[in-house]
């Protein structure tokens, strides 16, 4: 059972060189991802006079986030596992695949990476606003809450299926591609409603730098719940499930 494998971790784990290297990889990869994703939205706004909420703007955001996440996960995969997302880290924790202490270290690195990316963008663009995630007209916080739960469930389920499951085999670069694709697809589905975050770090950096916190809790609660459910479901049903061996042909 995943619950039996949940661990706090040793006190010295937070300062172990391997853990610190992994945290640094998460910081750099999250910085790369947020700089590309948030930066693409800022560039689109500049080129189209604040047209990022148009259909073409949503498509551009989908492509930028899919490509950026593919690269970010690929570059960190062999060092930290390439979480690049507190919801992925939380899903790994509830499934017993990372300790609490290492998970907290990842969270700190991810939030710092997002914040630094947004600060760099604000400076590099001459002070343009790093737009925080917000609800579209007619969308309630509970609509967005459900959107974030379902979209993040799909993301973390994909992470488990392609990167965590020990039966995945040698699929190499397929995992980062699949992870990038599901994020891009979810942005096409939910971007017009609540921005389609699926990642508390992606929401945190722009909110902090622009100091915009309206409905910010949705972009934490939804992804963490969705990621946690995905981790438990995949661990319980597909990794820890014991199957009876099939009978041989002569036994039918």
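Backbone N, Cα and C atoms are what each Cβ position is placed from, and that goes for glycine too.
Among the features that TrEMBL reports, transmembrane segment is placed at 20-37 (among others).
Per TrEMBL, transmembrane segment is recorded for 58-81 (among others).
Marked as transmembrane segment by TrEMBL: 87-109 (among others). Long-range contacts of the transmembrane segment (87-109) within the same chain, counting only residues at least 6 positions beyond its ends with a Cβ under 8 Å from a Cβ of the stretch, are 2-11, 13-14, 19-20, 22-24, 26-27, 30, 80-81, 152, 155-156, 159-160, 164, 198-201, 223-224, 226-228, 230-232, 234-235, 239.
If you look up TrEMBL, you'll see 116-135 (among others) marked as transmembrane segment.
Annotation comment: TrEMBL describes 141-160 (among others) as transmembrane segment. Outside the transmembrane segment (141-160), and at least 6 residues removed from its termini, the chain residues within Cβ reach (under 8 Å) are 85, 87-88, 91, 95, 135, 175, 178-179, 182-183, 186, 189-190, 193-194, 196-199, 215, 218-219, 221-227, 229-231, 233-235, 238-239.
TrEMBL lists 172-193 (among others) with the feature transmembrane segment.
Under the heading transmembrane segment, TrEMBL lists 217-239 (among others).
If you look at the transmembrane segment (172-193), the same-chain residues 6 or more away from its ends with a CB under 8 A from one of its CBs are 53, 58-59, 61-63, 65-71, 73-74, 77, 82, 135-136, 139, 143-144, 147-148, 151, 154-155, 158-159, 161-163. Sequence-remote contacts of a segment are chain residues at least 6 beyond its ends whose Cβ falls under 8 Å from one of its Cβ atoms, and for the transmembrane segment (20-37) they are 61, 64-65, 67-69, 71-73, 75-76, 79-85, 102, 105-106, 108-110, 112-114, 116-118, 120-121, 201-202, 205.
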